[in-house]
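Taking it in order: structure first as structure tokens, then the write-up.
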């Protein structure tokens, strides 16, 4: 039953009179209201901002802090109000929950701050209303991912290196080139050779110079030996790399099935097949076709470029949109090709010889290429041709923004992950500095503390003030606590290093050692300057 | 009781929309703002004190910010108290009983007047109100069919999970018992006098009428 509807309970009970004359048996007794007190306004002072509400409003949810007697712990007798030293902005949402029965999540609020406030007031986050629940869950998930990322990278950094085998180190080096300089060198070398290989493939086909006989020769045939050597070198490197990766992979079967390894294999296969088949003239045609596969080497760059990987991932994730694009295009092509064919059937010497032949015209028109090798001559053909080009623009333009936005989202996510990782290093450094700073402060104050005790015993106030200027009460209490811990664990025989001019046992300046010290009582001077021999502790 | 309409738009819309256009109907629902009569007037007309009226109005306005309850909202609110069964039919009858001027909506005045009778009225008034509830077509007679409808509505509110499981014809039997008790001259209908007389003779009913005295 919603909280607000509780106010209508008296009405529902009154309406029950309608059942009375019909009832066969007597009714049960009504519950009496014990200590029925008048509804009163209570004041909730949250960090200075005063909220007021009825007591019954808060009592709607008795299992929360405000609805139970737990709030009495925060009651301030002097001002007769409940004081909470918490965030007043978030309290507004929480109080609205009592009033309306719906808990909202303000978008500008930090998710962890909001969670803390909810936990403080004893409200479960599951009751957030539908209007804000999606947003809350999204933010919470992002935060959890970020925490997990941080934990993971922490573990990775703190992971003990010696426990990894040689094979595992190699695999890590392959996957993440920044782990060691050797890995980085390897990374750049392979990248360089991929580039070289791709460029040689391209340059091979460029005509460079003529041979006597006025025949244009491509560079590949002119400098055949040089190109062959380059190709061999590249393939050597790629083969070695592939075999090393295969060796280092934690799961060889999975590695062989992965996309990158398939690309690697396809990139180097043509060379070996070519080696085997060089002398056979018949299959040289097939051999030439195989050379086309050498262009796949360019995909090896995706290990080096994150953008390329993201593009591939986007295309994979937008498979449905791409499928829709393809399907709608196919439909439109078939429709328009058919129409154009029948429209142009009448005209003489028409290029639209069959419907499949019209496919080419439709595709060229719909993508607004317009080569002009096939043009309609009849009026009907021209009309349908223009409709075709207009609709082409629409059909292609529709799914493209979806793919673009997907790419943008994934790209930005990756950027954010990288930025987080970079900031993490700086943050860890800062935390380390803070930790060492505080432990330094402790050591510093320990020495001061000894001096403090001395001064307190002597009752010298000016020097005492001078000493306590640096530390606050909380700090000094904290340091005293750490000092006690030290004293607990330190063996009683060791003497703390004495400050010059102070007695090691008492920590007092030599001339102020108490008279209980038997040496002094006996009239003897301290035998060892700086150390009182009194065994009493 | 005259009703003050704050938004003039709604008045114009009322005149204009005789076609029953749903969009305009929605607009009318949204712009209708009803302010109740002054507190002193209501205090004089009903038997509640000022404080009680304040508490009542706060609860009323919380659920119905527009100031009037239409049948849908009424059914929704009432069904929240009876989650196990289907209370829409009974809520419909209740709505008609509260909506004394039959304009399709219950304003705060109607609400307060109804509650005043039920909680602070004399036994006669309460019985009168109950008769009004049972008499669905408000013709002054309760027929067996009307009683059967009411009984079925009450049994629907119980839902399916009763122990022991209610039989299919339990409402009909209940109606028979009721008519045997109430219908003095056995003419098949119960008039208001028969009803009040029979109820006043029945001790159980009299006692249960006092049950909800101190609800507010």
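Glycine is no exception: its Cβ is also placed from the backbone N, Cα and C atoms.
Here TrEMBL flags A:1-16 as signal peptide.
Under DSSP, residues within the domain 'BTB' (A:40-139) fall into helix, strand and coil as 46 helix, 20 strand, 34 coil. Annotated domain 'BTB' per TrEMBL: A:40-139, in sequence order.
Under the heading transmembrane segment, TrEMBL lists A:182-203 (among others).
Taken from TrEMBL, the feature transmembrane segment covers A:223-244 (among others).
According to TrEMBL, the feature transmembrane segment maps to A:256-277 (among others).
According to TrEMBL, the transmembrane segment annotation covers A:322-343 (among others).
Residues or ranges marked as transmembrane segment by TrEMBL: A:355-371 (among others).
The transmembrane segment annotation in TrEMBL covers A:383-404 (among others).
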Apart from its near flanks, which chain residues at least 6 from the ends of the transmembrane segment (A:383-404) lie with a Cβ under 8 angstroms of it?
314-315, 318, 321-322, 324-325, 328-329, 332, 336, 339-340, 343, 361-362, 365-368, 370, 375-376
So what's the average pLDDT for the domain 'BTB' (A:40-139)?
90
